[in-house]
Amino acid sequence: MQNSLDLKPISHVNGTVCLPGSKSISNRVLLLSSIAKGTTCLTNLLNSHDTQHMLNALKKLGVRYNLSDDKKTCHVQGIGGPFHLSEAISLYLGNAGTAIRPLLSVLSLHKNNILLNGDDRMHERPIGDLVDALIQGGAVIEYKKNKGYPPICTKGGFLGGSIFLNGNISSQFLTSLLISTPLALKDTTIFIKGNLVSKPYIDITLNLIKIFGVNIEHDSYNVFYIKGKQQYKTPGKYTIEGDASSASYFLAAAAIKGGSVKVTGVGKKSIQGDIEFANILEKMGATIFWEDYSITCTRNKLNAIDLDMNHIPDAAMTVAILALFSKGTTIIRNIYNWRVKETDRLSAMTIELRKIGAIVEEGRDFLSISPPIFFQYSSIETYNDHRMAMCFSLISLSGVGVNILNPNCISKTFPSYFKDFLSISKI
């Protein structure tokens with residue numbers, strides 16, 4: 001395993017990048033295909049650690065699938081309903097929040113005895129609000145270590161009914177319930193307490209659920225109404241669009257050191273909220289050209305921005321790097337949920353930005369960033385967080401190089417990132 005990657009100063013970027021499949025969509029449709037009636041052909045599936053954890057879990061749960069040699073096409077034979085297991089099993093899900101959270105709800109639909117576990121960081125990522133919601137619906141769930149965190153064991157028993165869910169920590173909790181509750185024995189009404197974070201990710205979930213034949217109604221994202229005793233049905237074939245969060249690094253590179261860079265796989269017809277990043281780039285001064293399935297960015301002078309970025313928390317990390325190349329002080333607001341991601345991203349971003357000379361103020365839920373007078377060559381700690389590694393690769397566009405520690409952490413979502421980044425770069 002590579003301990004570090006030294007990126008030399010890059011003088012210019014130009015070219016086209018074909019994006020890998022979206023992580024958020026890949027793991028959602030793998031699960032939906034598994035519990036749907038019929039066989040689904042998934043194309044442009046993301047090949048990464050997170051999707052592999054989901055595939056391994058589904059196989060252990062009895063799902064049959066055929067994965068192509070390049071791991072981008074998968075034929076999934078749906079079981080037509082909840083998972084029924086006659087014996088106790090354990091599922092290891094690494095640090096894949098997009099796997100452990102939706103699986104917990106679906107596995108709570110039927111009498112089971114299933115342990116869901118993960119790596120050390122997963123044991124620090126909260127899941128208590130989701131567990132509380134499932135218990136309200138009749139589920140029997142036990143914490144095996146620390147209350148509110150994995151590992152956890154579900155014994156099943158979820159029926160539905162009225163559920164109150166905190167919405168201010170992670171949208172994945174609601175996504176989990178929205179996927180599982182149509183299969184419950186009773187109708188379910190979900191009442192959201194507080195402000196729902198990352199609403200665009202809920203839109204992804206609702207869109208995909210509809211493609212698999214189920215409609216869910218909601219009242220301005222405050223109350224969700226789900227009919228029980230439904231069945232998901234295969235759409236036959238589904239092509240996963242490119243990962244919009246991953247697009248942000250290449251578009252940002254063009255804004256900083258272009259040339260022009262075109263990303264394919266996302267565009268005007270994307271269902272992912274993170275394409276909003278391109279609009280933010282435009283507000284900062286870059287030139288953006290949209291097509292149905294591509295976005296092109298061309299360099300221009302960048303100005304600082306002050307925005308609430310709760311709706312695009314992943315792509316907001318790239319804005320923190322753009323701040324270093326912009327005139328003025330950039331403020332990224334309402335991003336408390338950075339603290340419960342792969343690492344505490346607010347703290348990690350602050351520490352690493354200061355290493356390279358930036359002036360940073362870290363608040364409970366915001367970052368204020370002013371560019372450095374001089375960029376300093378640094379070794380960047382990635383905290384085993386794929387997005388930290390990809391974000392800080394852009395420091396190589398500053399005129400100084402950068403050393404990325406534990407670069408292999410990108411395997412969580414984008415194993416070929418550095419190869420693709422260097423393919424558009426000129427030293």
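Each Cβ is built from the backbone N, Cα and C atoms, and glycine gets one as well.
All protein chains included, ARG345 (phosphoenolpyruvate binding site) registers 25 other Cβ atoms within 10 Å of its own Cβ. Residues or ranges marked as phosphoenolpyruvate binding site in Swiss-Prot (evidence: sequence analysis): LYS23, GLY97, ARG125, GLN172, ARG345, ARG387, LYS412.
What Swiss-Prot lists as 3-phosphoshikimate binding site is LYS23, SER24, ARG28, SER170, SER171, GLN172, SER198, ASP314, ASN337, LYS341. Close to ARG28 (3-phosphoshikimate binding site) in the fold, though at least 6 residues off in sequence, lie THR98, PRO102, THR175, ILE179, ILE204, THR205, LEU208, each with a CB less than 8 Å from its CB.
Here Swiss-Prot flags ASP314 as active site, proton acceptor, drawing on sequence analysis. Following the DSSP three-state reduction, the secondary structure of ASP314 (active site, proton acceptor) is helix.
Neighbour counts were taken as the number of other C-beta atoms within 10 angstroms of each residue's C-beta; across the binding-site residues SER198, ASN337, the minimum falls on ASN337. Largest Cα to Cα distance within the recorded 3-phosphoshikimate binders LYS23, SER24, ARG28, SER170, SER171, GLN172, SER198, ASP314, ASN337, LYS341: about 21 Å as a whole number. Counting other CB atoms no more than 10 Å from each candidate's CB, the binding-site residues ARG125, ARG387, LYS412 peak at ARG387.
You'll find the Cα of GLY97 (phosphoenolpyruvate binding site) roughly 13 Å from the Cα of ASN337 (3-phosphoshikimate binding site). Nearest in space to ARG387 (phosphoenolpyruvate binding site), taking C-alpha to C-alpha distance over the recorded positions SER171, SER198, ASP314, ASN337, is ASP314.
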